[in-house]
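Asks: This is the feature table in TrEMBL:
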- His210: active site (ACT_SITE)
- Ser212: active site (ACT_SITE)
- His352: active site (ACT_SITE)
- Ser354: active site (ACT_SITE)
- 87-220: domain 'ZU5' (DOMAIN)
- 221-362: domain 'ZU5' (DOMAIN)
Amino acid sequence: ANLKSLRQLNLHSNLLVTVPTSLASLPNLSRLDLQNNCLRTVPPEIQTLPFVRLRGNPLGKTEPCPQAGNCKASAAVGFVQMFLHAASMVFTVTSEGCKVVLACGIHFCFPPGATSDPLRICFRILAPDPQWVKLRHHDVLLSRVLELQPHGVEFRQEVQIWMPYLPPQSLHQREVVVRTFSGQSWSDLRTRVEQKRKSMKHVAHCSVLHFSWFLVVSRLVQNECKVPTEGTLLFSSVDPNIKVIFPPGVTEETRSVKLQVLPVSAEEIEEITDSAGCRASPLLCLSQDSLVDFLRPVRIQLPLPPGVTGLNLDQSRLHLLHGDLEGQTWDDITSQVVLEFTHLYAMFEVSHFSWYWLWYTTKTYIGGIAKKVYERLRMYQVNFIALQRKKDPEQVLLQCVPKHKVDPVLKKLQDRYRGPEPSDMVEMFEGEQFFAAFERGISIDMDRPDCVDGRLSFIFYSHLKNMKEIYVTSLVDRKGQAVKGQVS
C-alpha cells in the first residue's frame, strides 16, 4: 500500500529465488530490474510486464548438478566424478551422467539422461586465432578457446560448463559472457559469473545443448527486450538517463532489440582531441534482430554532454552524430532530425539503429574527430620487452605488455632475465596481430608454425599473456666475436 507511487525498482544481483506477484499490481511502476538473480520461476503476471528485466536468471531450468563440494552426496546416488590429468584429452559420458574436472580448471556437469548411449568426448584448449575468433568492438578476451567434440552433437538435457577466466581489474561497467561458435557465426550464451570460495578463482558458468568452441569475453553491458506491437520502453542499466521509447504500432511482429552504452569521460575527450572545448555524451549502440525498419519513429533520450544544461545550451554547438556499426564513418545528422531539449537531456526520433553520439563543440566538421576519438577508445598503450635468460643467453623471452603492467612484469623477471629497456609506447587494438623480427646477425633457431619469413607472429590480447620464449642462433661464432642482434 505504501508503494503506490513507486516508479522504478532495482533488485538485480541479489540472489533472489522468488518474487511476489503483488509487484505486478503497483500502478505507477515503469521499470522492474530482476537481472542476475536465482529465479527459476517468475509469476506470469510479472513475466509479461513489458518493462521487467529478467536476463541472467535460470528461468525454467532444473536445479544444477552437484558441485565439487557435494562429493559425498553425489557418490551416494551414483553420480560419477572424473578428474583428468593434463595429458588426458578424452573422456566418456554415459546415460548416468557425471561431473568432469579438467587439469586446467574447466568443469563439466552432464546430468543423468543427457545422452542415451555412451559418448566419447574429445577436447582441446587452443590459442585464439584471429582468423576465426572475431571480437567485436570494445570486447576483451579473458580466456583461451575451449573446443569440444563431436561438434553439433545434441544433448537431451543441458550440459553445464564452468570456464575459469582472468578477471578484468581495470574494466568497469561491463559484463562477462561465454561466447560460442556454431561453425558459421559467434553468439553469446546466458552466463553467470561465480567465484570459487577456496581458490578465489573466477569462473563463467553457462548451459548448452550442443558442443563446439567456447571462450570468455568481457563486453559492454547489453540490455535487451522484446518489442511487441503495443510498444515498450528500454533503459540502459549503465546510465539510466539513456532510454529508448517504442510507441504503439512500431512493429507488426515482435522483435528483439539490444542496447549497449560506452561511457566517455570529459578527460578522455579533452586528452584525445587536445581541446578543452570539445565534450561528448556516452556512446549509444542500438541493434535489432530484424532487417525491416520500424513502422513508426523510435524516440531516444540521451544526456547532454558534461557541463551542458538546458540553461547554458548553445544549440549551434550541439551535433548529433550517427556512426556505422564498425565506427568507420560518423555523419552529422543534426539537420535531419528534430532535437528537443530539457534541462538535462536531448530527445530525437530515428527509424533505424546504429551508433548515436552527442557532441558539443565550436568545430564545424567533427566526423573525422569523432572517428579518431572512437578509435583511441578501443586502443591500448603497450610496450615490448625482449630479455635473455641469464643462464642461457640463446634463450630469448618476448612479451607485449600494457603500459601500466610493465614495471611489475620486469620486477618479476629480473632474477632470471636481463636485457635492454622496454620499447617506446605504441597503441594497439585488442586482437591485433604484430610481428617480431630478428636482425643484425641473429635468427630463430627452429621452424615454428608461428614464424613467417623469419618473423615471429603475435596476437595482442590485453588481459592474456602475450609472451613467447624462443631460441636464437647466429652465423657468427660467438666465442670469437660478440654478436649484438636486435629485435624489432
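Using N, Cα and C of the backbone, Cβ positions are placed for all residues, glycine too.
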Asks: Can you tell me how far the Cα of His210 (active site) sits from the Cα of Ser354 (active site), in Å?
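Replies: One finds 32 Å between the Cα atoms of these residues.
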Asks: Which number gives the other C-beta atoms within 10 angstroms of the C-beta of Ser354 (active site), all protein chains shown included?
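Replies: Taking every protein chain into account, the count is 16.
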Asks: Using DSSP, how many residues in the domain 'ZU5' (87-220) fall into helix, strand and coil?
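Replies: Taking the domain 'ZU5' (87-220) as a whole: 0 helix, 65 strand, 69 coil.
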Asks: Between His352 (active site) and Ser212 (active site), how far is it from one CA atom to the other, in Å?
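Replies: If we compare the Cα positions of His352 (active site) and Ser212 (active site), the gap is 33 Å.
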Asks: What does DSSP give as the helix, strand and coil breakdown of the domain 'ZU5' (221-362)?
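Replies: Across the domain 'ZU5' (221-362), DSSP assigns the residues as follows: 14 helix, 59 strand, 69 coil.
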